[in-house]
Every structure is written in structure tokens, then in C-alpha cells.
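*Asks:* One structure, pasted below without further comment.
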Amino acid sequence: MESEQESDRSFGMRNFKYINTIKEAVEKECPMTVSCADIVALSARDGILMLGGPRIEMRTGRKDSKQSYLTEVQNAIPNHNDTIDLVLARFQSIGIDTPGTVALLGAHSVGRVHCVNLVHRLYPTVDPTLDPEHAEYLKRRCPTPDPDPKAVLYSRNDLETPMILDNMFYKNLLKHKGLLMVDQQLTSHPLTSPLVEKMAADNGYFHDQFARAVLLLSENNPLNEDQGEIRKDCRYVNL
């Protein structure tokens, strides 16, 4: 079976090896008790907290799938150049409202964007919704319109607090410094623009909405006993 990690939506994601490291440690203490799905969810929860985000009380008891959901990854996870209407619709289909969706995109407050997903806003002409000075900085980071996907060519989402999950993301959007097209569109859509301003002004509100949305994501469509299993190795279904 082809792994979901092979999807282009997983482009740039690294260090899956640590999920297996955690799984091995947990198996020594509690064999066949904690699923890989729980490990992923709780790792996300703890990563959010370590980055200065909110603490999220999260349930456990998830089961791992017995098959690959590569197609569902392609169809369900938004792309960097999707329209806001499409993004809102996709999240609404799993019970996440507009404030929750805008908050989830605020995860782009941390991390970095590969030039592959940036250059269409820089070449052959600069996207008019992008701040001109910031565009010049991005051109220095991404000097070619045809970057090598395997090369380390990127820009950080947030130059001021790059490793803190805060509302600087929204402040940057209001200055036309959003890196991804889907992010910058938040400031021009009538349903999302007021929320960008509210989250830019109130970090607590952003954290509250983010925590609520992450919790909904973590409990979306869990597998029942017949559909799922607890894998022995997170890289493979059980034999």
C-alpha cells in the first residue's frame, strides 16, 4: 500500500522517525495498548504547547487504520493555492466553522514554506497582494522561478517570532506579508477578514479558537474496533 506520506500534501514534512521512537518506548511499557494515531495526536498536542500555544485536553483511544488513505489525503487537506471558499467548505464538512478554520491556518505562524510553493507569487511578476519590500526579500530567498524540490530553499512564515505559535501570523497578513496564497486570501474574503483582524488584535482569542478547532480535528471520524487496530509498528499494518 502507498503511504499517505507519499502525498504531495505531505511535502516538506520530516522526522516521522520520532513517531516510531515513541512507539518503541511505549511498547516496552504497555504492549499493544497505545495506537500510533494516539501518538501522532498527542505529539501534536505537546508540540503546540512547547511552541507557546494553548494546552489542549485531548482524549485517547484512537485506532490505527488497516489501509492507506492516500486518496482521502489528496482530497481533504487544502493546498497552498486553494480558494478560501474551498478551504471553508472542506473544514465545514467535518464540523469546523469559519473561526475554527481561520485559527487552524494560524498554525502557519511557525515553520517555513519551501520556495516551490512561493515562486508563483514572485515570478514572472510579483503578486500585487504581496508587500513589494517583502517580495524582494522572498526573491533573495527564492532566486529562481524553478526551484529544486529537494533543495533547502525556503522562507520562514514569520520573521519576528518564527518558533512561537502566536497571532503574529495575522498581523503579517494585514501587512500583506502572507507567504501562501491561501493565507493572504483570508484578508480579502468577507467571512474571514473580520476574524483576521480580531485574531491579530487578541492572541487569547486566537488560542481559544485554535484549541477548539484542533480538538475537533483530533476527534473527527474515529475508527471503531472492526475498522481499526493498534499497530505493532507505525510503518506497517499488522500481519
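Even glycines carry a Cβ here, placed using N, Cα and C.
Model, not experiment: these values are computed from the prediction.
Got these off TrEMBL a minute ago, pasting:
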BINDING   Pro78  substrate binding site
BINDING   His108  heme b binding site
BINDING   Asp158, Thr161, Asp166  Ca(2+) binding site
DISULFID  Cys36-Cys234  disulfide bond
DISULFID  Cys115-Cys142  disulfide bond
DOMAIN    1-238  domain 'Plant heme peroxidase family profile'
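Just tell me what is around each of these and how deep it sits.
*Replies:* Every protein chain considered, the tally of other Cβ atoms within 10 Å of the Cβ of Pro78 (substrate binding site) stands at 20.
Taking a C-beta cut-off of under 8 angstroms and a sequence separation of 6 or more, His108 (heme b binding site) has the following same-chain neighbours: Asn157, Phe169, Leu179, Leu180, Asp183.
Within the same chain, the residues at least 6 positions away from Thr161 (Ca(2+) binding site) whose Cβ sits under 8 Å from its Cβ are Ser109, Met168, listed in sequence order.
Non-local contacts of Cys234 (disulfide bond) by the CB criterion (under 8 A, 6+ apart in sequence, same chain) comprise Ile19, Asn20, Lys23, Cys36, Ile39, Asp64.
In this view, Cys142 (disulfide bond) is surrounded by 22 other Cβ atoms within 10 Å of its Cβ, with every protein chain counted.
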*Asks:* Of Pro78, Asp158, Asp166, which is closest to Cys142 (disulfide bond) if I measure between C-alpha atoms? They're all binding-site residues.
*Replies:* Asp158
*Asks:* Starting from the Cβ centroid of Asp158, Thr161, Asp166, the recorded Ca(2+) site, name every other residue in that chain with its Cβ within 8 Å, sequence order please.
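*Replies:* So the extra residues in range turn out to be Ser109, Val110, Glu160, Pro162, Met163, Ile164, Leu165, Asn167, Met168, Phe169.
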*Asks:* Tell me which residues of the chain lie with their Cβ under 8 angstroms from that of Asp166 (Ca(2+) binding site), as long as they are six or more apart in sequence?
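*Replies:* Asp166 (Ca(2+) binding site) has long-range Cβ partners Gly52, Ser109, Asn203, Phe206.
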